[in-house]
Amino acid sequence: MLHILFLFALVLAPASHAADFCVAKLKGAGGVSGYACRDPAMVTAADFVFKGIVTSGNTTNIINAAVTPVFVQQFPALNGLGLSTARLDLAPGGVIPLHTHPAANEILVVTSGVIKAGFITSSSNKVYIATVKKGEVMVFPQGLLHFQINGGGVPASAVVTFNSPEPGLQILDFALFANDFPTELVTGTTFLDPALVKKLKGVLGGTN
């Protein structure tokens, strides 16, 4: 009987804090398995709350949009939990250009305004576009090119969630025109006019 009670107690025993969470020690280098853990004895309730997403981002820029990331670097409590989030703000005319998240699926929840969004499949290049209103949700599968654009002429915002603490990001326009990718190679691989490539490089800070 005592043996049975002992086993029952083991099953019901609470897990250690080390197994429950791993608040990141960001000073060290991160890896595939995440960051090293802070000492659980030094962790407080405040470590599990992030307040920086309340304020809208600065949309005074070339894309009239702002993304406020809440990834593991901003919110160390996400370390090892397999998720993250961000706030998206789109001024009238604002756009998040075609981009991918190599490491995560994305869910977008519109919190104000209207956002037109879509993605392109990798198998057939089929395009799925939807107008997403306040309170509505859209999903973007991992690794696929997708975009968000203000669809209502008034400021719009959304909260996006990823199933990775570091979803990764590659913006197509920046990959082509915001670096030293030679113009002749950009032209040769995209069939764009060289003059247009040089103009876009000038706008986005690219060279060569």
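Residue positions begin at 1 at the first shown residue.
From the backbone N, Cα and C atoms, a Cβ is placed for every residue, glycine too.
Quick look at what TrEMBL lists:
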- His99, His101, Glu106, His146: Mn(2+) binding site (BINDING)
- His101, Glu106: oxalate binding site (BINDING)
- Cys22-Cys37: disulfide bond (DISULFID)
- 51-198: domain 'Cupin type-1' (DOMAIN)
- 1-18: signal peptide (SIGNAL)
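Ranking the binding-site residues His99, His146 by how many other Cβ atoms lie within 10 angstroms of each Cβ puts His99 at the bottom. Under 8 Å, Cβ to Cβ, and six or more positions away along its own chain, His101 (Mn(2+) binding site) finds Phe140, Gln142, Gly143, Phe162, Ser164, Pro167, Gly168, Leu169. The disulfide-bonded residues examined here are Cys22, Cys37; by Cβ neighbour count within 10 Å, the least packed of them is Cys37. Cys22 (disulfide bond) is 23 Å away from Glu106 (Mn(2+) binding site) when you measure Cα to Cα. Other Cβ atoms within 10 Å of the Cβ of Glu106 (Mn(2+) binding site), summed over all protein chains shown, number 22. Cα of Cys22 (disulfide bond) to Cα of His99 (Mn(2+) binding site): a span of 30 Å. Cβ atoms within 8 Å of the centroid of the Cβ atoms of His99, His101, Glu106, His146 (the Mn(2+) site) belong to the same-chain residues Thr100, Phe119, Phe140, Leu144, Leu145, Pro167, Leu169, site residues excluded. When the Cα atoms are compared, His146 (Mn(2+) binding site) and Cys37 (disulfide bond) turn out to be 34 Å apart.
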